[in-house]
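**Q** My questions will all concern the structure given below.
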Amino acid sequence: MKQVVQDLDVLPAAPTAAEKAACDLPRITEERNTGKQRKLYIESYGCQMNFSDSEIVMSILTEEGFDTTSTPNNADVILLNTCSIRDNAEQKVRHRLVHFKGLKRNKPSMIVGVLGCMAERLKAQLLEEEKIVDMVVGPDAYRDLPNLINEVDSGHKAVNVFLSREETYADINPLRLSGDGVSAFVSIMRGCDNMCSFCVVPYTRGRERSRDAHSILNEVRELVANGYKEVTLLGQNVDSYKWSAEGTDERVNFAQLLERVALVDPDLRVRFSTSHPKDITDEVLYTMKKYDNICNSIHLPAQSGNTRILELMNRTYTREWYMERITKIRQILGDDCGISSDTIAGFCSETEEEHQDTLSLMEFARFDFGYQFVYSERPGTPAAKKLADDVPEDVKQRRLSEIITVQRQLSLEHNQAQIGTIQKILIEGVSKKSEHDLKGRNSRNMMAIFPKKNYSKGQYVDVLITGCSGGTLFGEIVETV
């Protein structure tokens, strides 16, 4: 699962250096001042699951006497919710920690802590060797934060990176990071059992466990009651969601959960992320087709287009299997279904011919957009232990550039095909480029920009698409008389 930064007139799959820096910006806490004694500041990096976790942390700590601030200098507690998926993500956090260590010189009582995947992976280095944090807290230990903060207040370092087989935070009502009141993340499961050879997630987030379906539906109903118009169901692999009620015959798989959420309110848009190609079922696809409010968009990471490389990655499917899934999606949901992907360039021992297989798979699938990176070896993973990271860096970068070029063209063609059509858009807010324009997305997850007129966020509007760039649609609201 990768970070999505809205309102950028760029293609997420293919950023320039400046654009990529913008896409990697963290989400930070907003100002909330209710007169409480202490201030909390959180920076959240990486995937949507991290953003969702930060909302859980905010909820826990606001119950313990914290307001939130958007300014680190004003904070009593600074928390970085971190990502370990790539080395540069970790380096970015390290630079921020050094900066916050400087702030502590002027405010010695300030607590600096690391949450999330880096906490689990680098606890000893961060606490004992580099001495740049006061507290290290893993993804399953957020309930313990009040105790850990008290420990630091008492003059000690604090750590809890215990991985749970049960924790889902099902009973905690998240405090939303985004104040737009339109879209919200709803976590439905935690952890991952897939054990891809390149990935640290199973080691930093633990094994899969699914959240109580009733608590998910209660959270969705509360969001609707509070005026939210869109939810995104989150998990490292949502299609493997399986929950059963203890002592009863009730069993709920992902397709059934998706249907239950769709039935909460026909005006509530429902998205989900991320899907593993081996687990997305025809039942899920037919459920999407059945309900108009389930968005016609699927994030289906391919990672590579070559079967040998996929086997080395332990993805448990072949090129042909992935292509069959794409064909089935098109058969059931039509060519209007938006499909996006993740791709790794230059994985261990990848040949030029195997790289060409990835390019041809992209052409076959015709992805709307994607997130693509060069392979970054992560210590402790099976790939790091058993495979040589032997593709030269300049070759990785050249292959990434070729992947980006193909994706830019595919995305532009998809957007050009929308010109002249009328799209139902959910308004998410004012465009960052012009206060006179609004921004919003269609069911296919395409961003559109259009003149504001008398409309505002949270409304659905019909927009006639009149133009596009590689990453954005442009249009005019069609008003019915």
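Just so it is clear, glycine is given a Cβ too, placed from its N, Cα and C backbone atoms.
Bear in mind that the values here come from a model prediction, so they are computed numbers and not experimental data.
Pulled these features from Swiss-Prot for this protein:
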| type | residues | note |
| --- | --- | --- |
| DOMAIN | 38-154 | domain 'MTTase N-terminal' |
| BINDING | Cys47, Cys83, Cys117 | [4Fe-4S] cluster 1 binding site |
| DOMAIN | 178-413 | domain 'Radical SAM core' |
| BINDING | Cys192, Cys196, Cys199 | [4Fe-4S] cluster 2 binding site |
| DOMAIN | 416-479 | domain 'TRAM' |
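How about a rundown of where these features are and what they're close to?
**A** The average pLDDT computed over the domain 'MTTase N-terminal' (38-154) stands at 92.
Under DSSP, Cys117 ([4Fe-4S] cluster 1 binding site) is assigned to a helix (H, G or I) in the three-state scheme.
For Cys196 ([4Fe-4S] cluster 2 binding site), applying a Cβ distance below 8 Å and a minimum sequence separation of six or more within one chain yields Gln303, Met313, Asn314, Arg315. Annotation note: Cys196 ([4Fe-4S] cluster 2 binding site) sits in a coil segment as assigned by DSSP.
For the domain 'TRAM' (416-479), the DSSP counts in helix, strand and coil order read 1 helix, 33 strand, 30 coil.
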**Q** Cβ within 8 angstroms of the Cβ centroid of Cys47, Cys83, Cys117: which residues besides those meet this for the [4Fe-4S] cluster 1 site?
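**A** After dropping the recorded site residues, what remains is Tyr45, Gly46, Met49, Asn50, Thr82, Ser84, Ile85, Ala89, Gly116, Val201, Thr204.
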**Q** Would you list the DSSP helix, strand and coil counts for the residues of the domain 'MTTase N-terminal' (38-154)?
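**A** Counts, helix then strand then coil: 63 helix, 25 strand, 29 coil.
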**Q** Quick check on the binding-site residues Cys117, Cys192, Cys199: which one has the highest count of other Cβ atoms within 10 Å of its Cβ?
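**A** That would be Cys117, with the highest Cβ count within 10 Å.
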**Q** Note the Cβ centroid of Cys192, Cys196, Cys199, the recorded [4Fe-4S] cluster 2 site, then list each other residue of that chain whose Cβ lies within 8 Å of it, in sequence.
**A** Asn194, Met195, Phe198, Val200, Val201, Pro202, Gln236
**Q** Let me make sure I understand the structure: which of the binding-site residues listed (Cys47, Cys83) has the fewest other Cβ atoms within 10 A of its Cβ?
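**A** Each of the binding-site residues Cys47, Cys83 was scored by Cβ atoms within 10 Å; lowest is Cys47.
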